[in-house]
């Protein structure tokens, strides 16, 4: 086949070439040739179409067959002509370098994609119809489509052999060619020619635009065909953390994303810099710092996948406004305080200044937003005020700034005569006749010195009420001066001129107002020091004035501030601005007029405020703004450039030079000039400086200065300027140069709880004044000025037990010398009582103070905006407490509570919001805790259910006042329906503070103590139910007035009463005593040990009992008790006691218990040989009030006490009532009527004292029942009959009803077989009882009485016949053991077999075992038999079986058993001398997982030795909460259910034996995956990391995992040298203690979770 010679189309600058032997036709051809010195690349495409057209646009016809050789020859000839033409055109240089093509790649301007002609005159394509764009590659006809999809590659193989187009790395061959590089010819007819129309995969599915064969997807879609969705952001939340920090949170996208972008755009734009951040796909929160305070931002979060963005989520938030900074007291008088502050960066509406007046009233003042200070007037002299200033804008309030200040007091002499240094600067104090002025507080105001006039005289001004005084008496007095100067001034003037005192001299001004008739007013006093510079003729000492503040030399990270001072001189300056983290303050010395500010952020707009200071007086501010822009030239070789040089501030001996640096930075500068003798002088200057004062110069001489800048060892410049010094003042002798003073040593000479006494030396010279600087407890810098002649100062207003760093500067002229520093700690708070050290023998050592212990934190009440908290302190006393929580925005809040409080109400909360409260206790600078609790505030009133809905819970009824005393109010209420969890009584005290009294759920009355006499109160009662507060009920009550005071007597001399022995053990003796008259500061118990050495036991003043430990068994001791008052011992009382013999001996009262009581009320046998749980006090209640008595009742949930002690105070002083260990109640009498008592209950066991429990009770007032308007509860009434519910051979069960009212208690009476009456007391809340110790087959008459308020109601009576004795027991009962069997339902013993059910088996012989102690054996509820061991051979036992269900005891069923006699031994005459072996201690074996399912794990374990009473299996659920499964002691396997599929669990097994826990044995188990359709594994999520405890060398951390599970954790922190440390923790753990830390050091802990994807 042959190829006809094609003819190329017309080309600019070329001509058509005719191939030899061919027919003319339209042709295109393509080739790449490089030529010329500039390497211009020409690209030309060749296309040989066939003679028969295909209807394609001109120039795109397919080629006709031809031989390759002929085709190549034709192309080359045409190419030569084309290159020649193009060179001719390009010689003129019409196309810039940017228009040249690259090899193998179509150029934007030189190629027209075969669909146009390149015009070299325009350097652009002229496209054919149907095509457009810069390279004619964009089809404008929708029918045109590309022939193949695009490729992402950047080049094509062999440049497509000039027989195709290179489109994104893939060859698109012309018709007739094929192959990867279009190198193959197609033989035969091509049915569908390629018209070079580009298409995209799937036409981008309608989710994007097809551009050059590539999809440009719409927002939210990604992929080659836009078929993938980029997920949208959900759950976007915003939290304000600080004024400049906002936290953005969102729910991580369900699908894969590469990153998230967070944008903060200020509204309106340009108000502050925008911020954009990109975080990894694992993040779900971001903290944006550096925002502008009080600025509104549009926050947008979107996900990124590849190069495509997901739909954005947006919210608008306004940052918190910042408050005033650097709050300080500028001036002080006896009745005024002048405040000054730096204005915040945010725009605010007002400032609010608040303080508490002398009348204990909160004063609130509003100050305009443009102010930077205010004057507080009408204050009391010599009073400390705490002033708080906040900024407000709308409803937004900033964090407060606070300052403490004392108003001035009346002086006793001139300045310098007092021990304490006066405040710096002028001070005004009230004279000796201050009370007279207080009667007319507004007549005379502040006395001030405004400065000096042009002649140097002092200008004095004051304030006074008009038309009050006829004239004023003004006096100037100078100590050691020639005399005083007095002026009499008219009553309508307010200013005067006085002759100036000598330079550096102290002086006093006094002003009195004289009314038309009457005595002159008390004087106003002004004390000051004359300027040390003295008077300078012709130069008035006008107050300094700030001029103009300008910004120059702005770079990408720094700028230069310049300012002027047109008049006067400042001691120093302060520049304030805010960077992205916090406010910044730059101090500047007084002579300087410029400052370089560095480390600024690019793109951020800064506002700078300049203040000038003279003494403590602040002037200004000047303001200037500047925005830090990025470098316009990214090249790092930008050369620095000098700007302008000028000369200012001429004096006779100096000139000041200033200059600018518009670009770059210099390493240093050099100033050159010639002196008046022509000698060159050189002054080097540091690179950051922009000004310098050149001295010494000659007076009245003209100088020419030259400035060079030095950068990289090259000199730039110079700049030149001329200046003339001022003429010499001949009338004033030139002062001799002063010796530079030098600070010596700073020491601490004394420390109290709130002050430090400092002393220092001056090694050389003399200072004009000193300044002491330190930081307060909030980290705010504090400054204390001191006069130059002082060498000591006391710094007050400090916190107890806190370390302070004190820094001392000396001021000499306008220069600051120093500092010298010292670190000191204030004294710790004094204990509640002083340790007795007087007359204590040197061999004794006082016991260390008890370390306080945090107890339980509970929520006692809630409202829509508050939660009431209450807590316990089981041991010791805290200095103060701190309650921490997070508000609705996630911002942490803290409330400080005094150490003597045990509750607080947190206000300002959001309705219907859950809060987690953390309580910390602070003692001696250390923090304990936290104790935590979660509370929910009540819904807002509008959110309550409609009134038409039926109530879904309990309901409060009526509230009444049951009695009043001068200090208390008794309340009673009803609950007609339902049951509350607890109650809360609320009222406001005399200070308007809300007080809360919690009440238990079973109570319907309460006594509110601690009130004021003859005062009206509004009492509110709320019911708490399921975390919500219902109510309130409301009632008004007025406390009774105080009774008339008895005739005053001289204070009674304290006197000791009787000393008694209350308890005796082998190693201790319990003592108690009385104090009939007076009160002692403390007590001392003294005795001698076996070596005759005296021993001393100190006792606090509020204690009237003590247990003396560490004694020897069977030894007689004589104890002496002394009362200590004012450090002296008072006459002693004594008692003798002998300790008992043997380990099991007990005090005389311990064996006394009621044989008729139920076995549960009897003390258990707690021999020393068997392990037992320590006893624990439960709840103390006060009931049965009468005018002269109160009844106390308490519970002991665990263990047994030897005895109890009740302590309280009556009008004669402390009292103590001992109670036997078996008792659970006592009636305290005689008491005073209408008086509130606080009772303390201690439990005594051995030599230890447990507790106390505390409760308040109020006796009835005389005639309180007849108080008008009060309503008492109905009197209780017994029912119709007393029923006999069951009988046994030795007991009778009784039941009764109470149709109305409530009894305090009951009594069951009967007579035994000897006819003696017996009494069984029963609690008031019970309606059944069982009478024990009866004779078998005997008839009894039983009487029931109800006791109410000391009166007996009833009786009810019933007859009962006890059962017949059981048949004799079999003789095969084993020695030292007995077996018991039962079945539920027999012997009236219904049992319910669940985990809350247990069985108690008790046994006695007659009324005692061998040691007189009952024994109790607990049995699991699923058991039906037990073997009671440890019995004696050949002994008869009576066994009682009780069933326990829901906290109640059912039964008993009883039987008699006889243990077998002891077997005969081979030698009966010789008993065995071997001690019986102790019972075998059980041992836990191995725990294994024997099976699993998606929601359960089956466990099995072994017990190699012994037997356990029960087991517990412990593990943690997905939220990290511990879970417990209880298992009976006979079991060896269990299935733990309710687990999650495919989750790893760590199981711990504990064995319970004799009240002790053994173990654990542990194992790991994995539940099976769910059989449901597999879901993508849940990505674990880290929750909150908290510090749960600390010691001097460790920190305890705890964290949560809200979702998923981690394989492991790592805790990272840095040690003192900055080296990173790592602690690895297992994935099943949720807490760790990091040890090896340094005491008193702050650590930042980072927790990382490690998780491997499946």
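A Cβ is built for glycine as well, from the same backbone N, Cα and C atoms used for every other residue.
What TrEMBL says about a protein is an automatic prediction, not a curated fact.
Given the structure is predicted, the values throughout are model-derived calculations rather than measurements.
For 1-25 (among others), the entry in TrEMBL reads region 'Disordered'.
TrEMBL lists 1-12 with the feature compositional bias 'Pro residues'.
As annotated by TrEMBL, region 'Disordered' applies to 135-160 (among others).
Per TrEMBL, the feature domain 'Fibronectin type-III' maps to 232-322 (among others).
The domain 'Fibronectin type-III' annotation in TrEMBL covers 323-413 (among others).
Under the heading region 'Disordered', TrEMBL lists 402-442 (among others).
If you look up TrEMBL, you'll see 545-635 (among others) marked as domain 'Fibronectin type-III'.
The annotation domain 'Fibronectin type-III' is assigned in TrEMBL to 641-733 (among others).
Residues annotated as region 'Disordered' in TrEMBL: 716-738 (among others).
Annotation comment: TrEMBL describes 728-737 (among others) as compositional bias 'Basic and acidic residues'.
TrEMBL lists 742-832 (among others) with the feature domain 'Fibronectin type-III'.
Per TrEMBL, domain 'Fibronectin type-III' is recorded for 853-941 (among others).
Annotation comment: TrEMBL describes 926-955 (among others) as region 'Disordered'.
For the domain 'Fibronectin type-III' (950-1045), the model's pLDDT averages out at 84. Annotation source TrEMBL lists domain 'Fibronectin type-III' at 950-1045 (among others).
Within the domain 'Fibronectin type-III' (1050-1142), the DSSP-based counts of helix, strand and coil residues read 0 helix, 49 strand, 44 coil. Marked as domain 'Fibronectin type-III' by TrEMBL: 1050-1142 (among others).
According to TrEMBL, the feature region 'Disordered' maps to 1156-1177 (among others).
Across the range of the domain 'Fibronectin type-III' (742-832), the DSSP-based residue counts are 0 helix, 58 strand, 33 coil. Sequence-distant residue pairs (6 or more apart) of the domain 'Fibronectin type-III' (1278-1368) and the domain 'Fibronectin type-III' (1176-1264) include at least 3 whose Cβ atoms are under 8 Å, placing the two stretches in contact. Broken down with DSSP, the domain 'Fibronectin type-III' (1478-1574) shows 0 helix, 55 strand, 42 coil.
Counting C-beta pairs under 8 angstroms (sequence separation of 6 or more), the domain 'Fibronectin type-III' (545-635) reaches the domain 'Fibronectin type-III' (742-832) with 3 or more such pairs. Across the domain 'Fibronectin type-III' (545-635), the DSSP tally of helix, strand and coil residues reads 0 helix, 50 strand, 41 coil.
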